[in-house]
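**Student:** Got a structure here, written out as structure tokens. Questions coming.
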Amino acid sequence: MASKRALVILAKGAEEMETVIPVDVMRRAGIKVTIAGLAGKDPVQCSRDVVICPDASLEDAKKEGPYDVVVLPGGNLGAQNLSESAAVKEILKEQENRKGLIAAICAGPTALLAHEIGFGSKVTTHPLAKDKMMNGGHYTYSENRVEKDGLILTSRGPGTSFEFALAIVEALNGKEVAAQVKAPLVLKD
């Protein structure tokens, strides 16, 4: 069986932990991850001034699709940039139409709202993004640290990044693989 594939869309101002932790955990699970730079292949400055080098531009990565999951990290500016991108809208619409998994964390789910993705789903966000996410009544809000409703998987923030990443692994590769990846991470239960 071919390994699963993930597209992580990296925008300027993305939250570092919400980008790197899911990438690392998914790669540990054997998922082929592509970090795609929204603005190209140049290094991206994240919300706390960590610089991440994308594997490809979003334009080039899109040509290699479809992906088993599209991941949207948070960070206020990063989420705003994802929300304003026509390319992100196109990728999310294609992913939704083909019934592929979409995962977003922290403020990242607000890009789902901006692009009208997953309406009717139960979601969670960073507490500061809750009001924005609930504007218009398109979603049901959950206070859970990670919420999976069908093919929409959301999480709350930097402190839930490992749980978010492991939920993606479980959705793509099953509980057993997620447990195998989790064990050596020495996470608190």
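Just so it is clear, glycine is given a Cβ too, placed from its N, Cα and C backbone atoms.
The structure displayed is predicted, hence computed values, not measured ones.
Okay, so Swiss-Prot annotates it like this:
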- CYS46: S-palmitoyl cysteine (LIPID)
- CYS53: S-palmitoyl cysteine (LIPID)
- TYR67: phosphotyrosine (MOD_RES)
- CYS106: S-palmitoyl cysteine (LIPID)
- CYS106: active site, nucleophile (ACT_SITE)
- CYS106: cysteine sulfinic acid (-SO2H) (MOD_RES)
- HIS126: active site (ACT_SITE)
**Student:** Counting other Cβ atoms within 10 Å, pick out the least crowded of the recorded sites CYS46, CYS53, CYS106.
**Tutor:** CYS53
**Student:** Are there recorded positions among CYS46, CYS53, TYR67, CYS106 that sit within 10 Å of HIS126 (active site), Cα to Cα? If so, list them; otherwise say none.
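**Tutor:** The recorded positions passing the 10 Å Cα test are CYS106.
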**Student:** Near TYR67 (phosphotyrosine), which residues of its own chain have a C-beta under 8 A away, given they sit six or more steps off in sequence?
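**Tutor:** ARG5, ALA6, LEU7, THR34, GLN95, GLY100 - these are the non-local Cβ neighbours of TYR67 (phosphotyrosine), listed in sequence order.
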**Student:** Please report the Cα separation of CYS106 (S-palmitoyl cysteine) and CYS46 (S-palmitoyl cysteine) in Å, rounded to an integer.
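**Tutor:** With the alpha carbons as reference points, the distance is 14 Å.
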**Student:** Provide, as an integer number of angstrom, the distance between the C-alpha atoms of CYS53 (S-palmitoyl cysteine) and CYS46 (S-palmitoyl cysteine).
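**Tutor:** If we compare the Cα positions of CYS53 (S-palmitoyl cysteine) and CYS46 (S-palmitoyl cysteine), the gap is 11 Å.
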